[in-house]
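Read through the structure below, which is laid out as structure tokens, and then see the notes.
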Amino acid sequence: MKLRPAALLPLAALTLLLGVLLSLALGATDIPLADAARLLLRPDDSTDSLVIHTLRLPRTLVAALAGAALGVSGLLLQGVTRNPLSDPGILGVEAGGALAILIMVVFLPTAPAALFVPAAFLGGLLAAAAAYGAARTAGVTPLRLALAGVAVASLAAAATRAVQILFEERAQGALFALSGSLAGRTWEQLAQIAPWLGGGLLLALLAAPRVNVLTLGEDVARSLGARTERDRVIVTGLGVLLAAGSVSVCGPIGFVGLIVPHAARALIGPDHRLSLPLAALLGAAFLTLADTAARLIDRPAETPVGILVAAVGAPVFVMIARRVGRRT
Amino acid sequence: MPDRSMRPAHLLTALLPALLLAPGASAAPVSVPTDRGTLSLPAPARRVVALEYSFVDTLLALGVRPVGAALGTQGGDRGAPPYLRPKVGGIPHTGSRGQPSLEAMAAARPDLILADALVHKDSAAGFGRLAPTAVFPSRRADLDELNNQTLQIGRLVGREAAARQLLADQKTLIAKARAFAKKNAPTFVAGVVTPTSFTVHTQGSFAGSFLEAVGRRNAVPVRDGQTQFETSLEGLVALNPQTLVLFTAPDEKPVTDTWAKNPLWQKLSAVKRGRVYTFDRDDWTRGRGPTALKLMTAQAIESRFLQDAAPARGYQYQP
């Protein structure tokens, strides 16, 4: 069933709005939804207002931005690799980005937090290249690429643990950023990722037609006059950048980039000019709602949202992988 | 080594004086309840390896020097708490609490190992192959449980009388401290603050239950079986403590330093009332023995926490 795009995008935006409001209203103490909306627009001096504006709003915006970035990153990577199993988590991009941040914090302790995103970008690129290189030696098929990616991700995660154990003291500075949680994220952290992710999402929107051409396959794309090599590099770079930005502030959160693009394409069809904004909206709504749910599991203690998302995402991954396996 | 040629009648005769003289240092078999059922020793232990600071503190207070202790810093442990440090010089390290070294423990030739029910949940079985191992819940126990452990450890090393004396002294001391406690003082929230986390210590935690024992009321009950749990600034605001007790370390920048920059911090009743106290987190939450308790009682009075008065110099929280 495909709803008309004209109805779908506003519907997704509405879901996101609801997610944001819930995220502002629920937490260690619950604020009525109407009050939350009022205080959002007209802050006052009350404790509730301060809770919303100094704690929950920055965290919610980080969640929405990171969710949108992960959703779009997954969509771009799935498009450029023509692989339904591609996801910044599965391809090792997130784990590579996290490792790069940790290495930077441990070995260049004076590096400012502004360098988190570029470092994660570099680490993510290297991880993606390693996964692709490993898969290519045996001929790239969707499952092989996913397998190679998972192996690279495990390797990077193992290296991350090793650095963490060997440099226990100095690794402390990165653990908060890489915790797979959105707890305690502030305006500062939002400012740190907003330019990268905002810019990345905008560029991704502009690149959507190129992704459409790339998904047709090498030969068709070339015969249509596309400079496939250049486009592929641009789109992959954007996908990695978006994932890196989200990793730099909340750590590796897997499967958002897998579930969201599949949902977006199933709802609105394969045209990236439509599925991309939808993936952004759905990703933002998904991570915001997941973070709100994670807060409520064991409140006032915080459950890392990454665990919750993985619990939902892993079965979806198995389902899609089985479908891909049957097809090949 | 017991003389196997001794006949039962002779054995009884030989043991009788010891039995009569008990509970002083004796050679009689001892058996005590532990977390893993009853542990029986043929004779009180002389060579003890202690794998938690509370056991080290307790043994030293009983006048028994451990032949090995988990005083190392492997795996990020912070080592012995400051008050205990001068007393443990020369005791061989058997790794850290989280990463005990079986080799170093074996080299100490213990006849008793004291292990923690939480940290050594899985490794205690391995310790049992080196020496009889008594497992007690040190990490997540409250004051009463730890006092009971003092008694059981006293029995295991044949110093039950000394243990009972320690507990009686402590009771007297706490009764004296209670006299300082302001009647109907508001409740408090206590927590360990590290650079990344704030962990609430509830009524069921050691420090949390101690502060109740000396006469103040802890606002936070045990939650879902958790005696300690992490919370955020938002969670702290929800608790809105009237009195706030922060366990911090002088070498760390506590996360509350960042929280204090948020206007919400000023909204906390404890901050408005000027009733935010700090104590050394190593001394207060990691010692958990009779000696630590003496220090804690003195500081609870000296800081003016019990009196519900503005914190004395050195106990004020200055973000």
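The backbone N, Cα and C atoms fix where each Cβ goes, glycine too.
Among the features that TrEMBL reports, transmembrane segment is placed at A:60-77 (among others).
According to TrEMBL, the transmembrane segment annotation covers A:89-108 (among others).
Per TrEMBL, the feature transmembrane segment maps to A:114-133 (among others).
Among the features that TrEMBL reports, transmembrane segment is placed at A:145-167 (among others).
For A:193-213 (among others), the entry in TrEMBL reads transmembrane segment.
What TrEMBL lists as transmembrane segment is A:233-262 (among others).
Counting only same-chain residues 6+ beyond the ends of the transmembrane segment (A:274-293), those with a CB under 8 A from a CB of the stretch are 5, 8-9, 12-13, 15-16, 18-20, 22-23, 26, 59-60, 63-72, 74-75, 182, 201, 204-205, 208, 211, 253, 256-257, 259-261, 263-265, 267-268, 305, 308-309, 312. Residues annotated as transmembrane segment in TrEMBL: A:274-293 (among others).
Nonlocal intrachain contacts for the transmembrane segment (A:305-325), taken as residues 6+ away from its ends with a CB within less than 8 angstroms of a stretch CB, comprise 63, 84-85, 87, 90, 142-143, 146, 179-182, 250-256, 258-259, 262, 287, 290-291, 293-294, 297. The transmembrane segment annotation in TrEMBL covers A:305-325 (among others).
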Close approaches to the transmembrane segment (A:233-262) from elsewhere in its chain (Cβ under 8 angstroms; 6 or more beyond its ends):
62-63, 65-67, 69-80, 84-85, 87-90, 93-95, 97-98, 101, 116-117, 119-121, 123-125, 128, 157, 177-182, 185, 189-190, 192-193, 196-197, 200-201, 203-204, 207, 210-211, 214, 275, 279, 282-283, 286-287, 305-306, 309-310, 312-314, 316-317, 320
Going through A:89-108, A:114-133, A:145-167, A:193-213 one by one, which has the most CB pairs that fall under 8 Å from the transmembrane segment (A:60-77)?
A:193-213
Selection from A:114-133, A:145-167, A:193-213, the stretch that has most Cβ pairs under 8 A to the transmembrane segment (A:89-108):
A:114-133
Checking distant contacts: for the transmembrane segment (A:193-213), what same-chain residues at least six beyond its ends satisfy Cβ-Cβ under 8 A?
62, 65-66, 68-69, 72, 75-76, 79-80, 117, 221, 224, 226, 231, 234-235, 238, 241-242, 244-246, 248-249, 270-273, 276-277, 280
